[in-house]
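According to Swiss-Prot, the protein has these features:
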- 1-103: region 'G1P2-binding' (REGION)
- 1-93: region 'RNA-binding and homodimerization' (REGION)
- 50-55: motif 'Nuclear localization signal' (MOTIF)
Amino acid sequence: MADNMTTTQIEVGPGATNATINFEAGILECYERLSWQRALDYPGQDRLNRLKRKLESRIKTHNKSEPESKRMSLEERKAIGVKMMKVLLFMNPSAGIEGFEPYCMKNSSNSNCPNCNWTDYPPTPGKCLDDIEEEPENVDDPTEIVLRDMNNKDARQKIKEEVNTQKEGKFRLTIKRDIRNVLSLRVLVNGTFLKHPNGYKSLSTLHRLNAYDQSGRLVAKLVATDDLTVEDEEDGHRILNSLFERFNEGHSKPIRAAETAVGVLSQFGQEHRLSPEEGDN
């Protein structure tokens, strides 16, 4: 990253989560059709079964965060996924699919655009880092944790204990890392917890994560325009603790925005959302 680039914004969307799930459902449909033709070997059959289990779990979790009118079954998503493949393979953006709108940059040398340069859907025009509301929703009794003169092990344990007090639903958690009375990093997290019958809680959706450097300046902001949904239903503590561990180890050196962004996105397998310049750092 260039020296003058000190702030990173990652905008996810539009429709990225649904598009990914639907596309993988289309892949599953292809696997199943190949299996019906008795053309799938044993390793392929194993991949089919694992993909199906993963998708069923992810769809179940994702549907919880969607209004009832937008919830879809695996079979419905398979049909959409197959259409998406046709759009990608045959370069036909006219086959409009809700939640999946390929962005085509026309080649100026050919107005008919037979060969298109396909890229990710661009961020919302005019939405700069400081234009986006920092705390999009009111949260009752937000939790703030100040970790003073603690080693990382004790700090992570305190975060785990505090997060465990959160009620089901949306939450806001502010973590302030204070070492030798020097406020080295602050992390603000917005998300949604689900409470399970066995008493455990899981972080179902991460809406927003901001990281600030020693001077309080915003150095990285993860904006989930189409909420980043945690795929598994493991306890959300693991994600929060891992993020915190990556962000701050008590070093006095400035926090690098690119490193912070990589740390956030790697928790969700979303490193590909970084620009090439950020990824190289």
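Quick reminder: no glycine exception, Cβ is built from N, Cα and C everywhere.
Just so it is clear, the model here is predicted, and its values are computed rather than measured.
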Long-range environment of the motif 'Nuclear localization signal' (50-55) - Cβ separation under 8 angstroms, sequence gap at least 6: 21, 24-25, 27-28, 31, 74, 77, 231
DSSP helix/strand/coil residue counts for the motif 'Nuclear localization signal' (50-55): 6 helix, 0 strand, 0 coil
